[in-house]
């Protein structure tokens with residue numbers, strides 16, 4: 001991928017972004033500010049389960065800034081393994097839905113996941129062109145960079161209505177932070193919330209209603225010695 005995407009919707013969308021970390025358990029991208037694009041609406045098979053991040057107001061456009069991550073074979077297999085392992089841990093009682101962009105239920109998928117550079121926010125129609133122009137200017141001299149995705153972690157959205165299984169950024173975190181500062185400056189100019197104070201760069205791959213995935217948090221060690229098993233709780 002060669003661009004940062006500024007996506008706008010015509011009505012209030014659900015909050016897809018994850019916020020606070022619950023637990024810690026390789027794909028590439030490149031970014032440049034010279035090709036900011038307007039994205040299209042993302043749809044999911046479980047769309048009816050998503051709640052709007054903002055109440056609908058005529059004239060307001062729900063918005064999001066992100067880096068698109070192409071779903072390669074390697075990323076798909078990494079995500080598949082992480083999702084299967086997480087499902088084993090939380091059990092069948094937790095309904096975990098893989099993002100359909102991964103193409104785990106179909107072949108030949110060429111979709112994108114995303115690496116968020118903003119929280120969901122709202123612009124008026126008259127603010128859109130000015131905001132995009134400010135992004136172009138702020139990112140004009142940013143160099144392309146590669147990103148690797150490694151260990152899995154669990155995150156929750158601000159409202160605690162949905163939890164996410166995600167892959168954390170390894171290589172490329174420093175460059176991500178530099179780009180994030182530029183986006184934050186543009187958001188501040190239009191009086192919109194900036195990204196989180198202590199950002200956790202990540203790409204979400206699956207989600208679940210509520211905070212059930214928090215069960216992935218380690219609260220004990222399990223020791224097996226021969227045919228004997230011992231659980232040692234953590235403080």
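Our numbering is plain: 1 for the first residue shown, then up by one each step along the chain.
In case you wondered, yes, glycine gets a Cβ from its N, Cα and C as well.
The feature region 'Disordered', as given by TrEMBL for the ranges 1-53, 54-106, sits at 1-53. In the structure as shown, the Cβ atom of residue 202 (active site, proton donor/acceptor) sits within 10 Å of 22 other Cβ atoms.
Residue 114 (active site, proton donor/acceptor) sits 9 Å from residue 202 (active site, proton donor/acceptor), taking the Cα positions as reference.
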